[in-house]
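Quick look at what TrEMBL annotates:
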SIGNAL    1-23  signal peptide
DOMAIN    102-150  domain 'FTP'
DOMAIN    249-354  domain 'Peptidase M4'
ACT_SITE  GLU347  active site
DOMAIN    357-514  domain 'Peptidase M4 C-terminal'
ACT_SITE  HIS437  active site, proton donor
Amino acid sequence: MLRIVSGIVLAGSFLLSAADVQAAPGAQEPPPPQPQAFDQEKLEISLHEQTGKVRFLAASPEEPILVDAVSASGGEITAEDAARAFLGEHGDLFGLRDAFGELNLMAEVSDETQRSFERFQQVYQGVPVLGGELMVQLDEGKNIVSVNGEILPDLGDEILEQQIAPETAVESALNLVAKTYELDITSLVPSEPVLWIFSPKLFASMDGPTQLVWRVDVTTNEEASQVKEMVLIGAQRGEVVLNFNQQPDAKVIKVYDAQHTTTLEKSTACTKSNCSDGDADEQAAWRFANQTYDFYKNYHNRDSYNNAGATIKNTVHYGTNYENAFWNGQYMVFGDNMVADDVYAHEFTHAVTENSSQLFYYAQSGAVNEAFSDLWGEFMDQTNGMGSDASDARWLIGEDLSMGTLRSMANPTIYGDPDKMTSSYYYLGLTDNAGVHWNAGVGNKAVYLLTDGGSFNGYTVTGLGIGKVAAIYYDVQTKYLVSGSDYQDLGDALYFACRNMIGRTPYNSTVITNSDCQQVYNATHAVEMHKPARSDVADAPYCDNGVTTPVDVRFNETFDGGLTNWVATSSAWGWDSYISLWGRNAHSGLHYAYGDDAALGTNSALQMKNAITLPANAYLHFYHSYDLENGWDGGVVEYSTNGGVTWTDASSLFVNNGYTGYVNSMSRNGFTGSNYGYHASRLDLSSLAGQAVRFRWRLQTDTISNYRWGWWLDDVKIYTCTPPNVEVRINDLLRGSYIVPTDGRVTPRYWENGGTTGPGLQAGPVKVSSPTGEDFFASERVHFPGTDSSKWTAFNEVMGLPTERLSTEYYFTWYDNLTMYTWVLVGNPSTSQTAEVDIYIGGTLRGHYSIQPGQRVTPRYWENGGTTGPGLQAGPVRVVSTNGVKIFASERTHFTTPPWTGFNEVLGYPVEDLDSEYWFPWYDNDSMLTWVLVGNPDADRIALVDIYIGNELRGQYSINPGQKITPRYWANGGYTGPGLVAGPVRVVCTNGVNIFASERVHFPAGTWKDFNEVMGVPLKRVGTNYMFTWYDNKTMQASVMVTNTSAFETASVRISIAGVDKETFNLGPRQTVTKTYADVQNGPVKVVSTNLVPIITSERVKYKNSTAASYTGFNELMGFPESDLSDEYWFTWYDNSTMVNWVLVGK
């Protein structure tokens, strides 16, 4: 059995074992504070793509997780007690903060092996979370075997604000159902409205706001109601958040005749035990009901669909020309000639699902629901001894129906269904309850492979036969899955259920072996259950030639400056609307335009204020996110070439992601339904070249009071295309190609799957290069900690190291793994040679590493040389490649101690840059704590060092070979009173020994939150022209500092941002000036001494998140000299997972 310990990183996807995620010492990036994990080698872990939390955790059945539990009742410890004890200790892995207050027990079952399954519903302040459920499996000793499900993390009280009355929600739900199904509203029966918390992250694995909703289930007053609509109404605004019919059916065209009876018990068809006096359909229903009951009894020992002997009621000849079948919660109902063995067992299984896992009948949960019904329908078909099971009929669903086959489980694509998650047939629209029947093909293909075997998508599967497959799938269906389970949950559960059943012999089969479980793994991976579904809408590229950033931009709107370039024809369009409800739903930056879908009969537009004269071969590209009442409300893009007198639909100009459907209120096609978060559309404007054109985005709604969220618009560009001139590779994988024009920049971020959602990318090293050989400059910017903007406390920026400055030896002034967490990161840029690297700290060899081509190491050091005890605090640091392979190195720091609030990275000094004189623009030991650190790398000579601050000698020092000093200064020259604030800082070795110097800062004084270190500028690299990639005086407090290093001449200095001159000024000898530019957020920044007097420059930033009262972060970045411009740069690491990380490229 297993004991609980801490410290293993829980990072992985589909069934990643703890052994898989543990790297060799020094081979992984500094992790964030980790939750407790477990010391076993066979722990399966899956993470939720949207929440980042654990969705599946399982130990080997032979080594369950021991739990110390206390009985809630004071008596014998129950399975619920043990489950709650485990979740109380480790609930943060799944997203829980209070396992006792946030979980209500839904159900508990046990099986013949004495395993217990405790199913919990997530609640927040007593309000249930839709899809928020956990299933905990325990063995007979009440030890934890597995936990699976989904939890919505980080809920706050603001989510519970309610403005819409329950009666209003019911009225909206009734209006919606009446309109959707063309029913008389008086025939509808609503449930009592109940408050729930809804997030599409759990319910459909899509982005979208979390909100409080009224749930109203609407049926009709008919006995055979085919409407069982779940309707969610926003409790703050009253919009329709989601609606779908939970009534499963056989997915055939429906033909109704309202004149015909729909009474289910019109007459009693069968009076004899064999139904011999019934017609063909009646006899078939009787026969297949018995066969289906017997199948479930023989294979699973299940007593009817509810496992409690419920009467199985059947109605045939339902309706007129009704080619369908359904389960309505009480009856199996069939139209004429619709009773076939597989169809019957399919509908019966919907009743089983309703009484076990209760899978939602929507999106992936609904597809899994349908796949189970197809599975048991086909297994009953293949085992009842009736009909043909020849190869041409085997694995077909509904092949005995007069209307023909509905689906193929062996080859789903021949009927237009997907056979894997990334199939082009995978459906992501809203029809068919978001594709429940079509997308069942993924699950069906897995069942076929696992039963009969075969090779598919790079995997070979040896068939297990019906007996074993039936046993494994039934265990999963009744004991592992919860309401919101999707294909990843199914894949995880199938593999673990199989392992849990090793040694058991299912009905009509042989004993289950470890080899069988490998086949389960192969089958589920072959259909890609572990992968997200193909993107519903691939972002429109900017250009067709691989360019990912536009050039020659004629119009660029980020909405960060409001709607100054726009005219709204009504109040339905606004700027930053509904921030209080949904936060800042911007694609980039902080701001956006929004069109409201709430008003009745609205026809409103947001149009460009001024026309743009279009060049040849221009494009319009924009990002938008919409959720509009499908088919009823919609949006279109239109253009005018006559100053807005007339407008033309731009539908013919779309080349990527055009209109999605017919909009009744417009009587034309437009954007309607939902695109589940921001996606880009693109229009080819070449037919309008030379004309002055304005564009508008027009939204129109119908006159019935059902509405959704609305239409968000951001990042609108009109531009032309040229080939990319910059590429970003991370761990040698191309992550992006961009056009960076002169005086322009790009600021990409990267996610693991290559998109803009899911787990952030965490890898390295980073190489930024120009395939066209153009010079540019590059930096990495970080917001820390975590990816939640409300919790950011620190900011850091570091410039890339040009290839021309790569060296075999680097220096840092200090290493501190005692009062903070510090890593030394070393990368090998070679494509063919291994680098043999030694790291010395304080003159002592601390580690030797063989770094493979294109790889890196990230070691930390302790005083005793191990990995425990006091951390090492010493210096200087020397990193040397002993076999002459060029490398690059940096130091990364988390500050101070957990919970970490500060982060810093500094590049090492290449040995070739060492000098006897260094410069810094400024010294501040008052609002922060500042040290000047000076190291002597010489092996033999003492360095005699003078430090000048504000042109006044502040200290003289003798630094022994291989040693360092770390002085601080006060205004009065002592060690008390006001700290010294002055500049510039000049560090000079008077006896000509090469040294190195840095400034270290703790910020702010008194309540240290952040740490920063900046390397001094060697005299040999002091120049006249410098660059920064970005300037932001909107979301942070930024200043540009310029120092004139000349002792005699005045410097004439010009500062420009994004190609626009901000100011020109004179700067006296050895003076420093600080420049700030209000509300400017742009780049790149260029600082030039126009009369060629040498200068240095830096950007200083004070940072806080928007909710903080005071600044918590500080960073200083030295300007990048023009003389160092290169077409290739290196960074040691990229982390968009534990922090927010951008790569910035300027030209």
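For all residues, glycine too, the Cβ spot is worked out from N, Cα and C.
The DSSP secondary structure for HIS437 (active site, proton donor) is coil. Rounded to a whole number, the distance between the Cα atoms of GLU347 (active site) and HIS437 (active site, proton donor) is 13 Å. Mean pLDDT across the domain 'Peptidase M4 C-terminal' (357-514) comes to 91 in this model. DSSP classifies the residue listed as 'active site' as helix under the three-state reduction. Fewest other C-beta atoms within 10 Å: among the active-site residues GLU347, HIS437, that description fits HIS437.
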